[in-house]
Amino acid sequence: MQTYLLSQQFNTRSLAENSTACPANATICNGTSCVLPEDNFNETLSIILSTVLTIMLALVMFSMGCNVELKKFWGHIKRPWGIFVGFLCQFGIMPLTAFLLSLAFNILPIQAVVVLIMGCCPGGTASNVIAYWVDGDMDLSISMTTCSTLFAMGMMPLCLFLYTKMWTDSDAIVLPYDSIGISLVALIIPVSFGIYVNHRWPSKAKIILKVGSIVGAVLIVLIAVVGGILYRGSWIISTKLWIIGTIFPAAGYSLGFFLARVAGLPWHRCRTVSLETGMQNTQLCSTIVQLSFSPEQLELMFTFPLIYSIFQLLFALLILTGYRVYRRHRVKTKTDVEKTEEKEDSKSTSSHAIINGGFVSNDTK
């Protein structure tokens, strides 16, 4: 009996020890206290993501440069009214709208910063494609995208400094201007090289442009997938960010069109300025955010560029659909009017022929 009790106590003690045993990968183990090696998986994945984002964004910007023709670009520089209006929209309307939306919805300071970064970003390459489908001014669209990318080097830090003072003065957040500045300056190299390639080898530049469009689409998907793995908390998205992400691009399209019209630009250029204003370079925004902020801050801000990207594309498709429907209806109506006028002309010609003894010219037969 005593031997049985001792055996039972030994088994119980053994189970207790196994239940509190340290994991096999523990470096120091003292009873129930263990020291585990630091898990560097997320840190390594973050470095890989930053590197891949930088390389892919450089390819996208290189392809954008391959879309620029120096002669046409220089023509708009010499007559800069359209570019000037676009500049006011890009770095006047958009940052101000971002600031007002951040105040109106009372979002966190770090979330207000990402909304402002999005508002200060230059136009995206997708705007050139949509401008083509709505019969916009392609030369102006490409020139505005290129100029806004160049101007962003100075205007983005300036706008961020002006509009984030209420948060930075209270030490709620510190903006990494050095990282943002380096990211923007680095864009000039691939864009300039792309312009040179298009000048020297235009046929190869067209191929690069197609590849760049594909890379841009892949980049958005990559940001969403890898960002979801790295910053799981970022997918618990505030309702306020969804609302801002919906209103912001719609406001950009509308206000850009309105300002262009007030400035006296023709309709096709108004459509172009509207698209350039509302369609931002979301890949650039994601890359700047990834390179400039800590993982804890990224949890709260990483998903906003993706939200904006979704809604700017949806509204662009609505604009495209609306324009196509309008154009089809207008062409149809115009054709009907022309046919009516032709019938009236033929009737008057026949009457004139009867009055003049039945003579009908060869042109009316």
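Keep in mind that glycine also has a Cβ here, set from the backbone N, Cα and C atoms.
The transmembrane segment feature in TrEMBL is assigned to 45-63, 83-105, 112-134, 140-163, 175-195, 207-229, 241-260, 306-326. Feature annotation from TrEMBL assigns region 'Disordered' to 334-365. As annotated by TrEMBL, compositional bias 'Basic and acidic residues' applies to 334-347.
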Any residues 6+ beyond the ends of the transmembrane segment (140-163) with a Cβ under 8 Å from its own? 61, 64-65, 67-69, 72-73, 76-77, 82-83, 86-87, 90-91, 95-96, 98-99, 113, 116-117, 119-125, 127-128, 131-132, 175, 177, 180-181, 184-185, 187-188, 191, 195, 269, 272-273, 275-276, 281
Highest-contact recorded stretch vs the transmembrane segment (112-134), from 45-63, 241-260, 306-326, CB pairs under 8 Å: 306-326
Where else in the chain does the transmembrane segment (45-63) make close Cβ contacts, counting only residues six or more beyond its ends and a cut-off under 8 Å? 125, 149, 186-187, 189-191, 193-194, 197, 208-209, 211-213, 215-216, 218-219, 222-223, 226-227, 229-230, 283-284, 286-287, 290-291, 295
